[in-house]
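Inspection log for the structure reproduced underneath, given as structure tokens.
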Amino acid sequence: MSEGGSDVSSLSCSLSLDSDSCEDEFYETNLNKLIENTSLNWIFVGGKGGVGKTTTSCSIAIQLAKKRESVLLLSTDPAHNTSDAFNQKFTNKPTLINSFDNLYCMEIDTTFSEDTAFKINQSNFLNSIIPELLQSFPGIDEALCFAELMQSIKNMKYSVIVFDTAPTGHTLRLLAFPDLLKKALGYLINLKEKLKGTLNMLQSLTNNEMEFEGMYDKINHLNTMSISIQENFQNPLKTTFVCVCIPEFLSVYETERLIQELTKKNISCYNIVVNQVVFPLICPDANIEKCENLLKQIKDTNIQDSFNTLILKAKELEDVYISRRKLQSKYLTQIKNLYGNYFHIVCMPQLKTEIRGLDKISNFSEMLLQSKDIPIYSPQ
């Protein structure tokens, strides 16, 4: 795994086009082990926008519903594409997905809400001391909201929860929240000890002893909560992250950033789904050269013209197909070289239609369980 997440050269790998990949991969190229791991409680699905995170998270949830007692698919992406994927309206309350009796979905907003339990009346100077101190930590408002959200999720009685997350940048901010809370709340707890004498004097002058203690009870509660969430995040038996990408530069680059950040935070990640992959066409007896030889045997000029037009169009399509495969092979090779020793890399084919509706998502979910070689292009 490369070291410098911000360095473009960290993703530079030699491109080998020696053979169309038929060799054994280092890890199984499917998600069977993920689905069969019954100890997992939280599965996060993340990556760059537009790479198929929602389709992948929905598919994982469908497969888990076959193995687990109860499954919740939870969308934290502000776009909330889960409703569109299933052609069913979901809200911020768990709703059974049509045709299931154990698979639920809900869509929530992870942005800061004024309803957070730490809300304190700002009109009173004494009560505003703690919020003002908290605001000196950028992002603490969202972090507090996130902590309460994760605590309520932790208390939900589902066998496993699949998180359909927002694009990478937003997800990285969410992952940073437990550390931010630990730092901010730890600072306030230490501050109380250092200023104990001053606070006692203020309490005696203002008769606000109960309010001070109430504030610090909340701080201690939030601190305990954030530690619990962080422990859950860092327990590989309970939590894992599935990275989703496509074989293009920006997507592979963001995947590397995400994996490096997960590694720094000790969050388990051992599955990568690569969507929109162009696989080899299986048609050994059909090629342009044979068509051109056949054209020479045709005597009728009208048929010749029509057939020649078809050959020219086929050449154009073949050029596009080969160019696409060569480009994808460059990034598939990078993915394989970077992660082949550590990850289950699942390549999913470019499909002809959008994946919307239960039937299409179910078909896609079955493909996630089928092993496929990473299709590195080679000229014949």
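Note that Cβ sites are derived from N, Cα and C of the backbone, with glycine treated the same way.
Gly50 (ATP binding site): 11 other CB atoms within 10 A of its CB, across all protein chains. The ATP binding site annotation in Swiss-Prot covers Lys48, Gly49, Gly50, Val51, Gly52, Lys53, Thr54, Thr55, Glu248, Asn275.
Look at Asp77 (active site): DSSP puts it in coil. The active site feature in Swiss-Prot is assigned to Asp77.
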Recorded positions (Asp77, Glu248), the one with most neighbouring Cβ atoms at 10 Å: Asp77
Other CB atoms, at most 10 A from the CB of Lys48 (ATP binding site): 22
Neighbourhood of Thr54 (ATP binding site), C-beta criterion under 8 angstroms, separation at least six: Ser75, Asp77, Asn81, Thr82, Ala85, Asp164
Cβ atoms near Gly52 (ATP binding site) (within 10 Å, other residues, all chains): 21
Longest CA-CA distance among Lys48, Gly49, Gly50, Val51, Gly52, Lys53, Thr54, Thr55, Glu248, Asn275, per record bound to ATP, angstrom: 19
